Amino acid sequence: MQDEQLDASSNPVSEQGTKPTVEINVSSKDTRASLRENYGSEFKTHLLEQYKLYVEMADRVSSRRVQTASFYTSILSALLALLSITSNKELFQGPQSFVLLTTAILGLCLCVAWSANINSYKQLNSLKFKVIHDMETHLPFPCYDMEWKILKEDKNRRRYFRLTAIEQYIPIILAVPYLCLLVYSLVKLFS
């Protein structure tokens, strides 16, 4: 991962007497020191509080991601289960196969939406951890950064699969029955 640096420039204190905000840009180690100087004596305390909050927010995003996966898995499985329980010969023939077509399209749309959600959560978490890694440059020990370095350097480990890479296959796998159902219903509808 590339080393991200901070650049600071402070805004003048507003008429209401509020603290100035600090703009942060990628730059050099020298500007990190000026960031601390421009912010003031509370820099480390406030940074630690922001760090704790940011790590907690990253964890919440991961929790929402798991809940989203559970939601889509439940809905897609329930649709297939309901279809198999209520199915009869008449449902699979002639104009009634429109029900199958609708179910197939709904299932495929849910799989596409789930895949889009996974990509969105991946982007959000990636950005959050870039910020966390950058914040760690101001803290005594960069635990998340160290974790990734150890993982990359460990030659005895098996290949590491990122959760998102594995997670992206689940909507594809669950889309297969709906794709088969779509083909089947179209054949029955037009034959």
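Cβ atoms are placed via backbone N, Cα and C, with glycine included.
TrEMBL entries are annotated by machine, without manual review.
Owing to the predicted nature of the structure, the values given are computational and were not obtained by experimental measurement.
Feature list (source: TrEMBL):
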type	residues	note
REGION	1-22	region 'Disordered'
COMPBIAS	7-22	compositional bias 'Polar residues'
TRANSMEM	69-86	transmembrane segment
TRANSMEM	98-118	transmembrane segment
TRANSMEM	169-187	transmembrane segment
Open item on the list: Should anything in the same chain at least six residues away from the transmembrane segment (169-187) have a Cβ under 8 Å from its Cβ atoms, list it; otherwise answer none.
Closed with: 69, 72-73, 76-77, 80, 83, 92, 97-98, 100-101, 103-105, 107-108, 111-112, 114-115, 118
Task: Cβ-Cβ under 8 Å with the transmembrane segment (69-86): same-chain residues at least 6 beyond its ends - done: 100, 103, 106-107, 110-111, 113-114, 117-118, 167, 170-171, 174, 177-178, 181
Task: Intrachain residues whose Cβ lies under 8 Å of the transmembrane segment (98-118), provided they are six or more past its termini - done: 65, 68-69, 72, 75-76, 79-80, 83, 91-92, 164, 167-168, 170-172, 174-175, 177-179, 181-182, 184-186, 188-189
